[in-house]
Amino acid sequence: MTAEQRQNLQAFRNYVRKTLDPTYILSYMGPWLQDEVVQFIQAEKNNKGPMEAASLFLQYLLQLQTEGWFRAFLDALYSAGYCGLYEAIESWDFQKLEKLEEHRLLLQRLQPEFKTRINPTDILPELSECLIGRKGKVVFFANQIPVYEQQATVFSRYFERLGYSVAGVSGARADNVSMQDIIENKDIIILTPQILVNSLNDGTIPSLSVFTLMIFDECHNTSKHHPYNQIMFRYLDHKLGGSPGPLPQVIGLTASVGVGDAKTVEEAMLHICKLCAALDTSVIATVRDNVEELEQFVYKPQKFFRKVESRTTNTFKSIISQLMKETEGLAKNVSEELGKLFQIQNREFGTQRYEQWIVAVHKACMVFQMPDKEKESSICRALFLYTSHLRKYNDALIISEHAQMKDALHYLKAFFHDVKNAAFDETEQDLTRRFEEKLEELEEVSKDPSNENPKLRDLYLILQEEYHLKLETKTILFVKTRALVDALKKWIEENPALSFLKPGILTGRGRTNQATGMTLPAQKCALEAFRASGDNNILIATSVADEGIDIAQCNLVILYEYVGNVIKMIQTRGRGRARDSKCFLLTSNADVIEKEKVNMFKEKIMNESISMLQTWDEMKFEKTVQRIQLDEKFIRDSQRKPQPAPDKENKRLLCGKCKAFACYTADIRVVEKSHYTVLGNAFKERFVSKPHPKPKIYDSFEKKAKIFCAIQKCCHDWGIHVKYKTFEIPVIKIESFVVEDIASGVQRRHAKWKDFHFERIQFDPAEMPI
């Protein structure tokens, strides 16, 4: 390069700054720029934009002394599609580029009209030779499976007809598809976020640079260890670490950013800035210019509070509470050491607090150890039974408090029916006898009309009035638990004045202590029936319906003892979008109403905070976000722990109920990433099987039977027996076992396989007997 050429490039640098995004040509300049320089330029683009990155690029370029770099720079411009800039620099004539400036200014003035009148797909073919950049690849994230299904349908309907290819992957079908193929061959991908986290962790997707746009639905979830935040940690490490490769644009969608624990506007503004930092947000966009137009399509429901008095007398609760006291007393006498766990005060029967306490006791009992292993087995088995019965009694009291006594009694009768059909040892016989001695009295109490739940009476009045005013009313009734979903469905169906409602239900897919979840097809069916059917006009739902589900006709939302934070309040209220919508909070607890009023105050300061932040100077907002990002990355890096190495020592799995030996970890094999089987005939001798009450086929598995501990006095549920391809194999669940270290004898329990860091060996058909 001659001195004149260097001088000219310096003189015309502003043209280069305005035109060039250097990240598009860095790959062509590899022989001339060190990797460290490339990373600096990429980081400058990510942090300050393409113009600042172009300035830095030129600075490094003009410092080069190696022969041939100027020709390489021109070739890179041409190869990347910057033909106009290439011609201008080669001839040092920028008149053509100067003339284009007039067109740019004109397009800026016409931009609003352009957006409303021009369909880009109509003119893209004419511009294809002029456009620079790679083909777009969009990923849309949805947290809940019903929302994922809804959005996958919407994207397919509107974009496939325009020629874009659309695909969706959720946890339900992740094992049956190739993520690599989908990413390479599809334009728009709808994902549940954990799918992408897994694909990044196992290297199936090398980095986020494969996408040009990431859209986070319900983006307020981008916090702590949520999959959204794990994705954005990758993004921010890439951006702040100066890694090569472009980053996608990020868009977050939410009805409510929330305020966290904020009590003032200033504190709320900081909370929102932290969310913006997590999402690398540069703009907070809300509807401001067309508010009245928006209100013609999306209606904010009227909010009503209904405080209901509790039952004046509750004989049912008194009887069950006495049974619980007796059971606690029996548990205390089993072991002096573990009996101390039952001496904790201030725990009321029939509450979530009691549930949490008894679960903690249950876990402690599972890993209790004694020198006398036979006595240890007897004590652990007895305490397992006592704590299991206490949990069921507590569940029944919660059901009775919010629904009918007969629903709670039915729940207990079903439980004791299962107990009789299992091991039914002396302890269970004693507990069953105590319950059955009170059964006749419980039956009488539950049938007494004077014990009707006042909350149900008020719920009846609300439904009667609203459907009298408008027969085509569509209602979502939110409740806290699946057991309550079933109880209220039954109550509506048995009430002659409400049976016309034909209630549908929507619950989550995971299993809980009380019930198994809904399958994905069942969830889809429930939503489609509620949207389409004139008969199915009430949906009883748990929190799975909180976020994102779009049911435009819904005009009545009832929160039945259902309250959360300000985000949950806005989300649930937002399910009622039709004209003249109403939202009722029905509770017997004054604290619940008070909490909702606090949420309404927090919504007010949230809106004020958003308005304040939108008045900030762009540079001030950007610097605030960047400072938070750097601070958070420093904390993240300092707290980052290396992934624990798999423990290669062989360990013993013991039955979580009776402590009988089950198998060695050396015999466990992983089937299709998430299922665990045990090899060898010895394990088959240690369990018994019974036909599965709900056999079904999923993925490559045919669920055929349930397996239980073979010890006659135990019969603890260990998992299922399946047909996998051509093999008949057991599939065990780790929460049913205690893991014992062979050398030390120390015992631990794990709620999930991912928490158990042992050496995982993949299933190999060659190891199976012929």
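Quick reminder: no glycine exception, Cβ is built from N, Cα and C everywhere.
The Zn(2+) binding site annotation in TrEMBL covers C655, C658, C709, C714. If you look up TrEMBL, you'll see 96-275 marked as domain 'Helicase ATP-binding'. Under the heading domain 'Helicase C-terminal', TrEMBL lists 455-621. Annotated domain 'RLR CTR' per TrEMBL: 639-770, in sequence order.
Listed in sequence order, C655, K657, C658, A660, A662, R686, F687, V688, C715, H716, W718 are the same-chain residues six or more apart from C709 (Zn(2+) binding site) with CB atoms under 8 A from its CB.
Secondary structure counts, DSSP: the domain 'RLR CTR' (639-770) has 17 helix, 62 strand, 53 coil. Other residues of the same chain near the Zn(2+) site, with their Cβ within 8 Å of the Cβ centroid of C655, C658, C709, C714, are R381, G656, K657, K659, A660, A710, I711, K713, C715, H716. Taking each Cβ in turn and tallying the other Cβ atoms within 10 Å, the top scorer among the binding-site residues C655, C658, C714 is C655.
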